[in-house]
Amino acid sequence: MRLLATGRAVRFTWSKRSGTISRAKLWINVNIQYQQRPQSTAAHTAAPTFKSPVKAPALEVDGKLYSVDDWTNVPASILSFLPRKLHLQPSHPVSITRQVIESNFPSPTYTHYNHLHPIVSVAQNFDSLGFPQDHPGRSRSDTYYLNKDTVLRTHTSAHEAEIFRDNKSEGYTISADVYRRDAIDRSHYPVFHQMEGARMWDRRKVLGGDVAKAVWKDLELLPKHNLEVEDPNPTIHPERNPLQAEHHTTEEAEAIAAHLKKSLEGVVVELFSRARNAAAAAGNADANAIEPLRVRWVEAYFPFTSPSWELEVFWQGDWLEILGCGVTKQELYINAGVPHKLGWAFGIGLERVAMLLYSIPDIRLFWSNDPRFLSQFSTLEKISTYVPFSKYPACYKDVSFWLRSSSSSAGGGSKANAQDFHENDVMEIVRDVGGDLVEDVRLTDEFTHPASGRKSFCYRINYRSLERTLTNEETNQLHDDVRKSLVEKLGVELR
Ligand code: PHE
């Protein structure tokens, strides 16, 4: 992050990335705010204690100022994604996927929230959900901080507490962009979209106060399906997947879990039957190649649900996790002032599902403005397999470096020595320089020098554009810039 201490709003941009024209055109305002020392209100202090202004740099995003501190790690390149909102773009596969799933959670039982702002407090994203202080999700290597109290939401669950407090309907969905510092490969991107869903019942309102009975009755109203789902574990397991025994009876948790699983299985059936029907209607011989659909429930852990599960779909030889869910922790309802409610919640990755649904091979494609990609998607009714328009050649290059030895005093506080080195920092530097021209980055070698104890890493960077053939000069220049940036930002020594 480059901050200019000029005392007025400054504008800057970053290197242009091929194909992402709208991004190159975007500007982020970085404002430098002057703060005054607080004036004493004591009567005897006649003279104001006004001192020369203290310079306090701040980030301006969507007209709001966020002070900058030691925690700030969000680069301008990431902030530039905020206006994109793929889940709202008409005819975008992320948006179509959202609408198909929403259709399974109809109003008025469910309210659909699609416009919640991505900048949230640490309290919303983590504290309100009971994340322990040492949870890895809180670390600066995993999460984008605007400052120590403010983050780009890492999941749509960040809004659960406020919507429970709002208490508008028995259920809701939230679709939104979420941000995580992560690896670079064909299924990971630092920005993606999730849909959160929740359903609750009110102890005071169900017939005879019998929640379990009311939930089973509602379950009967869900559309039937004949998909066989593997679900080998008991709903409740005392160690691995415990009942919230102080709040729920076994019958209540069983009923809520059954309603949750049936609702989500309905989503999977809906998505894949649309894909299959569309393929069949188009006379596509591949109609059955989309399937056979194999789906299974596995036990999981989330700080804000118990018991918890993940739903996995078998796709191209692997089990792929598409959603997490569980019985909502009662503390969330209690803290939101609705202690008599109980129910379930889930979070589903929209790109993951869209990749399955349309056979989209690379997550970078969702961000493409290339009409050869975008024109292939039209309506909910017409889901068809994505036809790759071309596969341009890849070019990989290696970079090897030594970390600073931990005793070295050279370099600034953010420089990487053996203790604070995190792979996600390498990923981000590569992403910042290469943008969507980088397909993946893999660690290919790692060793510690036997005498000096210094650590060495080698990463292989695969450069490939989705839209054209890169020239040699271009790739060499990119790689050179990556190498320079690694030295500059991480203080590594190239080998
Ligand atoms: N927020 C979780 C995630 O991002 C998913 C989740 C949502 C799990 C709601 C349980 C309940 O992984």
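Any Cβ shown, glycine's included, is placed from N, Cα and C.
Quick caveat, the model's predicted, so the values are computed rather than measured.
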Handout entry: region 'Disordered' range according to TrEMBL, out of 124-144, 229-249
Key = 229-249
Completion exercise
Confidence over the domain 'Aminoacyl-transfer RNA synthetases class-II family profile' (176-371), expressed as mean pLDDT on the 0 to 100 scale, is 92
Problem - Secondary structure content of the region 'Disordered' (229-249), with strand meaning DSSP E or B - result: 0 helix, 4 strand, 17 coil
Practice task
Using DSSP, tally how many residues of the domain 'FDX-ACB' (390-495) sit in helix, strand and coil.
Solution key: 34 helix, 32 strand, 40 coil
